[in-house]
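Taken verbatim from TrEMBL:
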SIGNAL    A:1-26  signal peptide
TRANSMEM  A:69-91  transmembrane segment
TRANSMEM  A:103-122  transmembrane segment
TRANSMEM  A:134-155  transmembrane segment
TRANSMEM  A:175-196  transmembrane segment
TRANSMEM  A:228-247  transmembrane segment
TRANSMEM  A:253-272  transmembrane segment
TRANSMEM  A:284-305  transmembrane segment
Amino acid sequence: MTESGAWWTLLAAPAMLFCLAALAVAANSVLDARDAGRSAGPAAAMRPFLALPRALLTQPRRLPAPDVLLWRAGIAIVPVAAVLSTLVIPFGNVAVADLSVGVLWFNAMEVLTWAGLWLAGWGPNAAFSLVGGYRFLALGLAYELPLMFALISAATGAQSLRVGDIAAAQQGLWYAVWMPVAFVVYLAGVLAFGFLGPFAYPTGRDLAGGVLSDASGVEWLLLQAGRWLWLAAGAAMAVPLFLGGGAGPLLPAWAWSLIKTLAVLAVLVVAVRRLPLVRADRYVELAWVVLIPLTIAQTLVPALVDLAR
Amino acid sequence: MDVTSTVLLVFLGVPALVFGVLVFTLNSMARVTFALLASLVCVGGVVTVLGLPYLGMVIVLMMVMEMVIMAVFMIAYMMNPAGLMPMSMLHNKRGALVISSVVFAALVAGIFVVPWPGHAGALPRDTTFQAGMALMGPQMLTMVTLGFVLLATMVGATVLATRRGRYDRFGDDLDQRPARDPAGGGVGR
Amino acid sequence: MSLRAAAARPRVLLTVLPGGTAARLAAERQLRLRDWPLAASPAQADLLLVAGPDCPGLRAPLERLWQDLPTPAARVSAPGADAVQAALDSGRAQLGSREGQLDRIRASAGAHRHGGRPAKGEEGPGGVHDGHGPHGHGGMEMPGGLSMAGVGEDRDGLTLDQLHLPLGPFLADWPSGLTVHLVLQGDVIQQANLADPIAPGGEGAAPFWAQPWIQADAGEPVTAGEAARRRSAAHLDSLSRLLSVAGWPAQTVVARRLRDDLLAGAPGPAMAPRLERFTRRVGRSRTLAWATRGIGELSTQGGKQAGVSGPAARAGGDVTDRYRQWLADIRRDLGRLDQPARLQAAEAEESPRGRWRAQHPPSAALVTVLPALLTGAELAAARLIVASLDPDMDELLPTRREVRAPHD
């Protein structure tokens, strides 16, 4: 059903990801303006992008004894991994490369963020930045296993790691409907690997910005872009995994993919604003004591259904 | 093997070796850890190109998590603070040289000595399934046992390493709720 | 041209000097309306806005903060609330001006030749490197000239490195004028020592939040409505900082907006439903309560013994209890925002942080309980604890105590 796209999809997929991320940023900015009592018009939506010329112009600054190589590598990894993750996400019925291990590819790219953020915290040789990097690892140890089991639930349901197969296997009934725990845990995971909203712990304001505290200019821009790109990539991936991909009545497949992606993105942006931050020391215990058993039980459901078939 | 695969193998294999050498020549704990990670990520790519994408991707996935956690511990437990000081990564040079030469020689000999099976039949569309059947079919008992042994080892090691036990947490009669912890968890046990 | 584009929406590092509360409030309001984001660290900022009267004791750390801003950058100061508008406008003009930025680049190039900038991982005076415990590595070359960390026992009985990290005096969402010197192992606080509050250079103005009570003490006519309004606004201000530190930016902005409207004299009936909605949303958030529960326990008894008299003592519990007490106090004052009756003796009506006594301002007690609460806490918890007590350091300024006649 899902096919690998022509060469130009290699450019189109990142471009679409950037557009989706920009849309999320703009929506968040409009809601910000409304809360702050400013006029919430199209001008408010464009305000965050004024940071672009500023970031490109800002002179880099260095603290004593930084590890510049690792710092830069870490900062670059975050947005690059987000872009690479889109290779396997089908839009309508076309993915850039519908790998036979697509789910694993997405997961591996997402895990690269661990290395990226830790390095971004380690690089500048500053206390708050380092604590921020460590915080992401603490958060990672909490969110990653439930997220993996959520992905495994979907893959088990379709008996395939190919994202296209998973989307096709949901003819009639979305996985979001009969695997609600996996779906919710997956959405929480998206917020976590985007380190946004309730999972913005590594960039906490109590640490003067954490991993962002010593990033200025382009470094700051890349990390900020990385988190919103991840949010958009996570939203796009939720569609084939849990919402039936491009399937739907009347409209063509690409339109359904777009509509569903935007809906998930909207839900995520609202969650980012509605929920206060969850500290890792609290979330780790919840994840290991409650979420992991829950998601394992959730994985058992499609496994049993497959056996009965 | 077609041209693309060969080119990819070179482009992944050479960096894998270079990063592997860097592991022993760099002088910072963090850089060494991430050189090792880069080397292993390249190895994951090599395995993928060789037709086992599942194992290749799992190598990348697990090694990133493992190396990042390892970096934390290596840096935390280095005797010079935080592994910040430049340091040599070589210890017991003579012994290590002997062992590594012997292992290398044995592995190279293996390449030529082992009677590798010939190519039989067409490549399956999805090697993941084959790999799964090979591991989990006849070897199910081994894998299940291995899994439990690994888990038991991890839990056991953690329990042995922790100074505080349940009597410290729940009191002498194990009836104190919530537990007395230096930092409370999220479920409030 | 491109400089002007970059200056279209400057990120502002708002630095508050002792006695600068009024200027800070005006600045936060202006920045909110202009949509200039508040930066959390010098690296992210282009505009350093110094709010409050000049303070000789803080000139050196301010200078280092300024050096830490990446170019292009501008520095402006607003000694009082009325100077904020002009300061912000001039800051933006400086950011967009080529000559101003060239000057800064030349100056910083000069500084680099003379040994470079100090190490800084935070906005406090003294970077990561100063006071790294015992220095036992004479002769060995340290990376970046930084000295080695000392070691000490941690709470699990392991010997770990100690990091000496000052929090304050310039930290985002931090009580201005407060400095706590921490000894950290990992992110667990082994020791917390308070630094002496730094007095402003000139005659200190009356502490902003306790003003109605001071005026009532001095026999000036102050209405109960005015006092209730000031108290609610003070609680909203404290809440906005707590919410910011706890990580709920959307509600932080709502709290600041409500605070600004209260201080601007918006009529009570219009404010009541909005305050109601805010207190309901924050008070009922289970996630926030979950994230702050069990941190910084201060019993009513223990608080009273230390002389704490305000909401912190009445709440008698952890951070969650304390912010819920603020919310309850705001709700209680809802109907009294426009009360024309005269404020009774200060004893009857509590000032925002407790019973106002010029000799023993309520914030002094809040500060004294801090070290005990901070020791053993984790860094994230420490920020929550300080924010949940939110001492107003302006109340402690010595000039104030001399000016006011003793009352009790």
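Counting begins at 1 with the first residue displayed.
From the backbone N, Cα and C atoms, a Cβ is placed for every residue, glycine too.
No curator has checked TrEMBL annotations; they are predicted automatically.
Listed by sequence, the residues of this chain that lie at least six past the ends of the transmembrane segment (A:253-272) yet keep a Cβ under 8 A from its Cβ atoms are 20, 23-24, 27-28, 31, 90-94, 187, 190-191, 196-198, 231-232, 234-236, 238-239, 243-247. The recorded stretches the transmembrane segment (A:134-155) and the transmembrane segment (A:284-305) share 3+ CB pairs below 8 A when only pairs 6 or more apart in sequence are counted, and are therefore in contact. Here the transmembrane segment (A:228-247) has long-range neighbours at 2, 17-18, 20-25, 78-79, 82-83, 85-86, 89-93, 103, 106, 110, 113, 151, 154, 163-164, 166-168, 170-171, 174-176, 179, 182-183, 186-187, 189-191, 193-194, 196, 253-254, 256-257, 260-261, 264-265, 268-269, 272, meaning same-chain residues at least 6 beyond its ends whose C-beta is under 8 angstroms from one of its own. Listed stretches A:69-91, A:103-122, A:284-305 were compared with the transmembrane segment (A:175-196); the greatest number of C-beta pairs under 8 angstroms is found for A:284-305. If you look at the transmembrane segment (A:284-305), the same-chain residues 6 or more away from its ends with a CB under 8 A from one of its CBs are 138, 141-143, 145-146, 149-150, 152-154, 156-157, 178-179, 181-182, 185. Only residues 6 or more beyond the boundaries of the transmembrane segment (A:103-122), in the same chain, are considered here, and those with a CB under 8 A from a CB of the stretch are 67, 70-71, 73-78, 81-82, 84-85, 87-89, 129-134, 136-137, 140, 144, 147-148, 151, 154-155, 161-163, 166, 193, 195, 202, 210-211, 215, 219, 223, 226, 230, 237, 241.
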